[in-house]
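Asks: Below you will find the structure I want to go over with you.
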Amino acid sequence: MAKRVLLYAVLTIGAFVSVFPYLLVVLTAFKTQAQLSSTAPWLPGLPPTAGNLATMLAGDFPRYVLNTAVMTALLTAGQLVFTTFAAYAFARLRFRGRDVLFWLYVATMMVPSAVTMIPLFLIMRELGLVNTWYGLLAPYILGTPYGIFLMRQFFKSLPAGLEEAARIDGAGQLTILLRVLLPLCRPALGTLAIITVISSWNSFLWPLIITSGDDTRVITVAIATLKSGIGVDYHLMMAGSLIALVPMVAVFVFFQRHIVRSVVLTGLK
Amino acid sequence: MTRGRRGGLHAYLFIGPSLFGVVAFLLLPMVIVFVLSLFDWELLSAPEFAGLDNYRRLAADGGTWHSLLVTVGYVLLSIPLQTVLALALAVLLDRRVKGLRFYRSLFVVPWMATPIVLGLVWQWIFDPRDGAINRALALVGVTGPDWLSDPSWALPAVALVSVWQYTGYNMLFFLAGLQGIPRELHDAAAVDGAGPRQRFWRVTLPLLNPTMFFVTVTNLIGAFQVFDTVYAMTDGGPSHSTEVLNFRIFQTAFKEFDFGYAATLSTLLFAVIFAVTLAQVRFFGKRTTYDLS
């Protein structure tokens, strides 16, 4: 019994530590400057104020949120389409050089993004794509080796007879993929979409390097800029943080089973 | 015959876009980074071939070696702790726990946090005067350190954010691994007289090797490239105590516009990550000999 109590105590402390920073963001986002210094960080400011959120939403911030949403949507769409095509070919088609190519893909999963950042910037500079949407999106919109790996694992787990039956009925490759296999892939596609949404929304270093104007500024870069702009006005910064975090928290709450599934799908092989 | 050839053509059409991406945005940059490391280039003038000059400069560059040391320190402060904690939480959850899903979800919440945003939140939590930690410590009469402005506390504080962010996510992998271990193996060991502790060390842990491999390899590759939290929390300071290698590469390229040398630093980072990953493949390759499929 005592062991049981200890177990739940440990789990509860862990859960509290996990959500505490989020809690601070919410509490602080609704405090006035005066309440910020008069109340303890972990207590709400009474009465709560919506003034910080209003201030943030009145400026350029909504535009950055929109930019981020557009970037996230395009990268996720690209990832889903191109990854599905490539993973399908790797998993279900026979062609010359397939295994060599696949190992090439797996090898590139080991390439640290920090190492390719500078050459990528220089490539975009040569192409005149610095500070453009093309430059921001190009390196990531054609799908990632990790996504292809994940989807290939899933395609391989589908029974082999599926295509045969469709082929006898005279269906082409594209029809087989779109009509027969894809409907079965919805769980895996969901998982891939979630992972891509989260990593796109959170991406910082590449947008920081490749963009500089308002047209392409995303929310992570905007918040990093806030830091130098408003210094220690934490109530405003937390209001901005809240706006940045809410979409991800919503995604998480609605789709968390997909995140758990991604762990199982990766297969640990 | 014809069908096979057409199948091949189809396959290349399917793979085409992603292959272009892999070649243009992953392989080509790798080639460029090595070539560029042999050049002197500050963007405004034409690149100038410099042979191994950049590498000679690197050998004598105390600041970079300090950065490498800081990076290794960050890895050592974060990875062991977040791995052990994750495993411990997974073991705790791998029994009949009421509300398993509830706890599991809350533990994973930090993982999807935007690192740059939560970095700023943690910067405030560590604030010496108004931060939650030092205000909580003050309640029990303890004066907390200056955390992020104290050179000896700044790096542990940044590493702690990594522990906060990734422990729960790693726990998911360990939990999946634990649930994949057949019950009978534990029962058999118990029948043979193995206590709980022995069963953990002799049965559970060896069988978790593939999970342990995956978690440590991905975590280490990520940790060696840490950037966002450092950028948000300390800007590499105080007195360079949190200036990790990736941050130095960024500074060298985009603040000093010394692109040739920044590429040289990138090859150093690549070599370090490559060597560490290879060492892990060897280490776990020797130990993962169980096949239960």
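For all residues, glycine too, the Cβ spot is worked out from N, Cα and C.
Heads up, TrEMBL stuff is auto-annotated, nobody curated it.
According to TrEMBL, the domain 'ABC transmembrane type-1' annotation covers B:68-280. As annotated by TrEMBL, transmembrane segment applies to B:12-39, B:72-93, B:105-125, B:153-176, B:207-227, B:259-279.
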Asks: Between the stretches B:12-39, B:72-93, B:207-227, which wins on the count of C-beta pairs under 8 angstroms to the transmembrane segment (B:153-176)?
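Replies: The stretch with the most close Cβ contacts to the transmembrane segment (B:153-176) is B:72-93.
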Asks: By a Cβ-Cβ criterion of under 8 Å, what residues six or more beyond either terminus of the transmembrane segment (B:207-227) are in contact with it?
Replies: 71, 74-75, 78-79, 82-83, 86-87, 158, 162, 166, 170, 173-174, 176-178, 181, 185, 244-247, 250, 269, 272-273, 276-277, 280-281, 284, 287-288, 290, 292
Asks: Grab the same-chain neighbours of the transmembrane segment (B:259-279) for me: Cβ-Cβ under 8 Å, and only residues 6 or more beyond its ends, written as numbers and ranges.
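Replies: Those are 30, 32-34, 36-43, 47, 50, 54-55, 57-58, 64, 68, 71, 217, 220-221, 224-225, 245-246, 248-249, 252-253, in sequence order.
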Asks: Give the nonlocal contacts of the transmembrane segment (B:72-93) in its own chain as ranges (CB under 8 Å, at least six residues past its ends).
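Replies: Sequence-remote neighbours of the transmembrane segment (B:72-93) are 100, 103-104, 107, 155-156, 158-160, 162-163, 166-171, 173-175, 177-178, 200, 204, 208, 212, 215-216, 219-220, 223-224, 226, 242, 244.
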